[in-house]
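Now, the feature entries from TrEMBL:
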type	residues	note
BINDING	D:Asp29, D:Gly30, D:Arg31, D:Gly32, D:Phe33, D:His34, D:Ser75, D:Asp76	GTP binding site
BINDING	D:Asp29, D:Gly30, D:Asp76	Mg(2+) 1 binding site
BINDING	D:Asp29, D:Asp76	Mg(2+) 2 binding site
DOMAIN	D:6-159	domain 'tRNAHis guanylyltransferase catalytic'
DOMAIN	D:162-298	domain 'Thg1 C-terminal'
Number of protein chains: 4
Amino acid sequence: MANSKYEYVRAFERDEMLLPNTWIVVRVDGRGFHKLSNHYQFAKPNDQRALELMNAAAVHVVTTIPDMIIAYGVSDEFSFVFHRSTTLFERRAAKLVSTVVSTFTAAYVALWGTMFGGRSVGGTGKGDSGAAFSSAALVSTGPDLTMLPTFDGRAVCYPTWENLRDYLNWRQVDCHINNLYNTTFWAMVQQGGMTATAAEEELKGTVAADKNEILFSRFQINYNNEPDMYKKGSVVVRDYELVMAGAEKGRGNGNADDDDGEGERGQAVYALSKTQKEKDNKARQKAKVVVLHVDIIKDEFWDTRPWLKTGRPGKVL
Amino acid sequence: MANSKYEYVRAFERDEMLLPNTWIVVRVDGRGFHKLSNHYQFAKPNDQRALELMNAAAVHVVTTIPDMIIAYGVSDEFSFVFHRSTTLFERRAAKLVSTVVSTFTAAYVALWGTMFGGRSVGGTGKGDSGAAFSSAALVSTGPDLTMLPTFDGRAVCYPTWENLRDYLNWRQVDCHINNLYNTTFWAMVQQGGMTATAAEEELKGTVAADKNEILFSRFQINYNNEPDMYKKGSVVVRDYELVMAGAEKGRGNGNADDDDGEGERGQAVYALSKTQKEKDNKARQKAKVVVLHVDIIKDEFWDTRPWLKTGRPGKVL
Amino acid sequence: MANSKYEYVRAFERDEMLLPNTWIVVRVDGRGFHKLSNHYQFAKPNDQRALELMNAAAVHVVTTIPDMIIAYGVSDEFSFVFHRSTTLFERRAAKLVSTVVSTFTAAYVALWGTMFGGRSVGGTGKGDSGAAFSSAALVSTGPDLTMLPTFDGRAVCYPTWENLRDYLNWRQVDCHINNLYNTTFWAMVQQGGMTATAAEEELKGTVAADKNEILFSRFQINYNNEPDMYKKGSVVVRDYELVMAGAEKGRGNGNADDDDGEGERGQAVYALSKTQKEKDNKARQKAKVVVLHVDIIKDEFWDTRPWLKTGRPGKVL
Amino acid sequence: MANSKYEYVRAFERDEMLLPNTWIVVRVDGRGFHKLSNHYQFAKPNDQRALELMNAAAVHVVTTIPDMIIAYGVSDEFSFVFHRSTTLFERRAAKLVSTVVSTFTAAYVALWGTMFGGRSVGGTGKGDSGAAFSSAALVSTGPDLTMLPTFDGRAVCYPTWENLRDYLNWRQVDCHINNLYNTTFWAMVQQGGMTATAAEEELKGTVAADKNEILFSRFQINYNNEPDMYKKGSVVVRDYELVMAGAEKGRGNGNADDDDGEGERGQAVYALSKTQKEKDNKARQKAKVVVLHVDIIKDEFWDTRPWLKTGRPGKVL
């Protein structure tokens, strides 16, 4: 295929293949979303529709990439997890990252109108209330193109199940810490009439209990009653029949005892017959991809969904 | 900022910083565009609106990323060139690639309606003629979300100006070779009534002159009269006042003699004062980003646009 | 420390940090040892002193680098294993590889005389029988410097204990396969008087049983009685008191149950107090580094030496 | 060659190929040479024999690796430069680094006796004056093995000739700065009877002129008369007939005009016919590898040795 004397330039291409048998996390982050959320007047501290748009885009990514086993989102970021056995794109980093980022971006932009369809978008700078932020709107006026939602991304490898769990724990703890802070801060500003500076100053050095107390005593807000999507973030998974952890162990199917997945050679899934792989993929396609707002730090979530660790599909509902 | 015992997982992040003082090309490629172009009934061998949509998305990328000096597109791919002196995102590969891919994708999806607004999109699977492929359309029906246009991307470094030029030469030669083939093939099929197989068979082993002859003798097509966008691809650059190559040389400003840009330490542009950098950026923002369909293999294109090599802006028109 | 305008060139340095919490294997390979072994008239198929020199060099490496938990050698190669928790040189690949390679090379050259001291080295081209291959000898004549023993090296990461075990299994199986082949081949040539070509031809397609049969029936060699160093290669470890696998389990110290080491966050060893680390290092220094020729494919070797997996020292003898 | 079920572990190997058409510098650094130079009682501030041993080892490396065009050494470090066109080991970083480091180490250890043969080595801890530090000596006593000279190494790529020159400039400027400081410091200590602390204190904040003044007025040392090896470091190159820079230009052989080497596609040297390559290699082997102590910052050194830039051999003397 050397069609010209210039083709030698291909020799400069370098492919980073991510280490086999490691969990691959591709984290997607909104670019300049602070400015963007002001431009489109997202509600503070949480904009329900903006979060649901993130979730819808993530559902689209998980649906179209079967090697993805779970995704977790908070604020303007989403982490997508490929099973350690994946060989998608020969595990080339640039290909994995760019595909996830592009698919997420495409869905986010395409779905924008479904979330913000009936909403005034102040960002057009024209005061046209009620105009949908459809893609048509995006392009009908100059300024909006400068405020297109975009995302960057990166891939990180985690060698063990526990490292992966800790990664997700890190993100969910972060969600909690930030949301408690933001909820308190904005209550002080929006309901308490404080300046941003004054609120910030008062919150400096406070611990969780202090913030809960401020929320409750001054604003009659019980933080526990806040929506789970805000407190726990969003988990995107295929929906199979849950497994009773205890029962599972009783059946001795190995998910409990050697429950590390490391007991295998990282070949378990490769080693499947072609027929079995096709069956697995069909099962995956039949499974509905759902959004949950639940605790993923405790073991229960994982014990009842052993397929997340094995990479094999569960029983389709 | 160690907000939890889980934060140690950040230590697993790895950043590839691209070698300083090399030209960075980020090439964006349509994913599954063969299928997608059938789905949306793109015209063969070239769909003018589809190409113009690619160009519009590329113009958006170049406009919003000032470090980009030129982009070149053909078919469903676009190559974006960062100046060798760029320090954008500390030259982190994943960040550069994902940002370009996401920005390109967002613009492509958002602008879709402007190109295909009045066109029947067979892909909805509903036969609704005339429906715009707006983002609204994209989401109003299930199937279309499975046919969202997405792109992957990769970064390649080129150490010398000549390597970069050869990279672009490679793409433009490729454009020519493919377009001549496709033009001939589709004339044989669409106008000549041949089967795809028969046309392929006949074209096997032919050289350019043979194809030109087939086009002219059988279909009265003079390939030279085909649109330049199809024959030469699309070049996206900031539009400054052209420099007369001869005059330039006469003035001895060094662009001709040490015309390698390698004569510098890769610091020339870093070394600019902050004031000068801001002036440069303002000049860049004033410059219109234009789409050209011209020969970029010959030196003339480059000689008249010395700013492409130096990275400094030219004289705004 | 910017002592000159040239110091910007440091920005071109790139460091690859190996993924945390993975087992690092640095494999060292003799360069051109086929030619070198002819030059110095190594015995075929195995030269005891040459192998013992390899082992002595490996003992030196393990002794001087406490983060090394085990090394395995066969023929002119040696694999050195760093514990997954190591942070030596911040896990920089080039530093780890070059340090191991240089230390191994230095010891190999320095120790040459101890192995080949009383031996005629034909390679001097002077037939001086009995001359020691001391470094003095190496340099006293031109040709020898062109036959200096050197080694290259590379680092490979293995994410799980099982992957690491399989790596070592691979090398030991390789040792067996090659040694059985070589033993048979050289018996046919040296004792059977066959040409190399004829021996090769006859061995083509044979399985292990065939080779055993050839050795026994034609040359009265029982392969099982061959030296273990030839059949099993050489294992280099610190010598602690062996643990009875069963007893260990009884004591419930966790080495059996969660015996994957993956049950930890890859922080277990980092998390040690400074005092504890120093105690560990002292224990390591007290331990003798020994060379064994044993089966490392079966679990027994590992079960009785749990410190290999945990990275903590065992009980010094 | 899949000789066992364990061979899958090879898939974990990763090779970093250094960017084509860039100058590759492999820098080798002594490990713990501060301690080592005390142990073997190297003279301060410069030990002539220790430096000559470094140079001899470097000559060995350049001689045995024809792709190496120049090496520059100072103190316990040596930088080896591969021509930008090299394809040695497919430009694999680990292979290039480990080969250079191992070859350098082997030569350094093997040649030790030639430099320190007649010298008392205090490091044996036995006060045996006059004992040669031959490899035999190294191994005859335990402690010495713990003081084996070893080196680490790293590879850095430089995209342009000017970057490479600046790298070498950086090292030579460093040599000058350090040597002037050390010469002054040790004069103050050894001849002036000052304590190290007092000398350090006085030298703080001084510039070159101050140090020259101290040397001259207090110790009657004219720094300019110090040996060039100490002041300028050591350059190792193949010795061809020097080219008169002016004459060269006159002959218009292109070395002046496009004298950047960047004017080529990085293919100039690849493109050589096989016959030509063999001729080149023979010329290289005929050339003597020499050690110079000269200024390599000024252009003259390079202008008279155009082969360093082109990678083609010069006229053998």
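A Cβ is built for glycine as well, from the same backbone N, Cα and C atoms used for every other residue.
Note: the GTP site is recorded as D:Asp29, D:Gly30, D:Arg31, D:Gly32, D:Phe33, D:His34, D:Ser75, D:Asp76; in the same chain, D:Leu36, D:Ser37, D:Glu77, D:Phe151 also have Cβ atoms within 8 Å of that site's Cβ centroid. Chain C comes within the C-beta cut-off of under 8 angstroms for the following of the binding-site residues D:Gly30, D:Arg31, D:His34, D:Asp76: D:Arg31. Each residue of the domain 'Thg1 C-terminal' (D:162-298) gets a DSSP state, and the totals for helix, strand and coil are 78 helix, 12 strand, 47 coil. DSSP classifies D:Arg31 (GTP binding site) as coil under the three-state reduction. All protein chains shown were included, and the count of other CB atoms within 10 Å of the CB of D:His34 (GTP binding site) stands at 10. Around the Cβ of D:Ser75 (GTP binding site), 22 further Cβ atoms fall within 10 Å across all displayed protein chains. When Cβ neighbours within 10 Å are tallied across all protein chains shown, the highest count among the binding-site residues D:Gly30, D:Gly32 belongs to D:Gly30.
Annotation for the binding-site residues D:Asp29, D:Asp76: lowest Cβ count within 10 Å of the residue's own Cβ, D:Asp29. Within its own chain, D:Phe33 (GTP binding site) has D:Ser75, D:Asp76, D:Pro149 as residues 6 or more apart in sequence whose C-beta sits under 8 angstroms from its own.
With a 10 A radius on its CB, D:Arg31 (GTP binding site) counts 19 other CB atoms from all the protein chains. Taken together, the residues of the domain 'tRNAHis guanylyltransferase catalytic' (D:6-159) have an average pLDDT of 85.
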